[in-house]
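Note sheet for the following structure.
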Amino acid sequence: MDIKAAIAKVVDRKDLTTEEMIEVMQQIMTGQATPAQIGGFLVALRFKSESVGEITGAAQVMRQLASKVDIDDPHLVDTCGTGGDGSNLFNVSTAAAFVVAAAGGKVAKHGNRSVSSRSGSADVLEAAGINLDMTAEQVARAIKEIGVGFLFAPAHHSAMKHAIGPRREMGIRTIFNMLGPLTNPAGVTKQVIGVFNPLLCLPLAEVLQRLGSTHVLVVSAADGLDEISLACETHVAELKDGKISEYTLTPEDAGIMRRSLDGLTVASAEESLTLIEAALTKVTDQTSQKARDIVALNAGAAIYAADLASSFKEGVEMAQDAIGSGLAFAKLKELASFSACFKEEE
């Protein structure tokens, strides 16, 4: 299907088939569509609301065109959100990645620089001294040896360059916000995905079911966070054993006291790093305790998704142990020194 015909169909509020979406995405990702056509198509999709079939088709094309990171591990997991929640919270899922690694998981952390927040995962890792310009082989080695590696989206999704201009100029959420977590270059089948709207939980779980994922938690908190919140209940769509179930999680389910998010918002990557370090080292005040608790909640979900724990509660307990032992913070420092070696080689 030609992108012009696709725009006309979507403007009429008709869903594209998965096959039609594949054809249109191939035109976008190979430079055959003009910036005006890309912008018009993305806005029309957003107004209609993207269907499960459309998201699936788009994700398939992005996966095919991505440069792969070769990792074969039964506990390989990703912690990646859609962003766009407007909270400016510190990088919780990035901190959680080091906790999961310390608990015995392997984390292929997929992420990018900030688009809508004050600090994207790439921004805070760079502030921590981690080299983002590692090759796919070097990232794979980091994951195998340390338990965590960072997959910088632009390095693995070079075909995305055709859509960057229209996305930046429009400045609104589009289907591409959802595609980041669905297109991990390491091909993870286990993950926790945070989304900005609870209505997206079930559709994205259905997309991942179609794409072959095995254990996924798609989470969206009642306060709008694209994380499991410390302050309120969180809606979850869980894909496990081929079935999807929906339920609500609370901090109390994991034995953690509910607290406000005051003090956990940041204005820069450096401020985010300060809170991550506070969460992973010694609790000195209420803010560092809250930071530690929200990281433990989200790391616990990822430990459970990685099938290292039999329940969310057990996952959170394992996360708390990994933080308390100092191992999680050690993983952060280890990745920084490991990645610096490759910087010196260049």
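Just so you know, glycine gets a Cβ as well, placed from its N, Cα and C.
Per Swiss-Prot, 5-phospho-alpha-D-ribose 1-diphosphate binding site is recorded for Gly81, 84-85, 91-94, 109-117, Ser121, and the stated evidence type is sequence analysis. Under the DSSP three-state reduction, Asn91 (5-phospho-alpha-D-ribose 1-diphosphate binding site) is assigned to coil, being neither helix nor strand.
Taken from Swiss-Prot, the feature anthranilate 1 binding site covers Gly81, Asn112, and the record attributes it to sequence analysis. Within 10 Å of the Cβ of Gly81 (5-phospho-alpha-D-ribose 1-diphosphate binding site) there are 27 other Cβ atoms, across all protein chains. In the three-state DSSP scheme, Gly81 (5-phospho-alpha-D-ribose 1-diphosphate binding site) is classed as strand.
The feature Mg(2+) 1 binding site is assigned by Swiss-Prot to Ser93, Glu227, with sequence analysis given as support. Sequence-distant neighbours of Glu227 (Mg(2+) 1 binding site) (same chain, six or more apart, CB under 8 Å from its CB) are Gly81, Leu89, Val92, Ser93, Gly194, Val219, Ala221, Thr234, Ile294, Asn298, listed in sequence order. Mapped onto three states, the DSSP output places Glu227 (Mg(2+) 1 binding site) in coil.
Under a cutoff of 8 A between CB atoms, and with a sequence separation of 6+ in the same chain, the neighbours of Arg167 (anthranilate 2 binding site) are Leu42, Thr174, Phe176. Annotation note: Arg167 (anthranilate 2 binding site) sits in a helical segment as assigned by DSSP. Summarising the annotation, Swiss-Prot assigns anthranilate 2 binding site to Arg167.
Marked as Mg(2+) 2 binding site by Swiss-Prot on the basis of sequence analysis: Asp226, Glu227. All protein chains considered, the CB of Asp226 (Mg(2+) 2 binding site) has 29 other CB atoms within 10 Å.
Rounded to a whole number, the distance between the Cα atoms of Asp226 (Mg(2+) 2 binding site) and Thr94 (5-phospho-alpha-D-ribose 1-diphosphate binding site) is 13 Å. The secondary structure of Gly111 (5-phospho-alpha-D-ribose 1-diphosphate binding site), as reduced to three states from DSSP, is extended strand.
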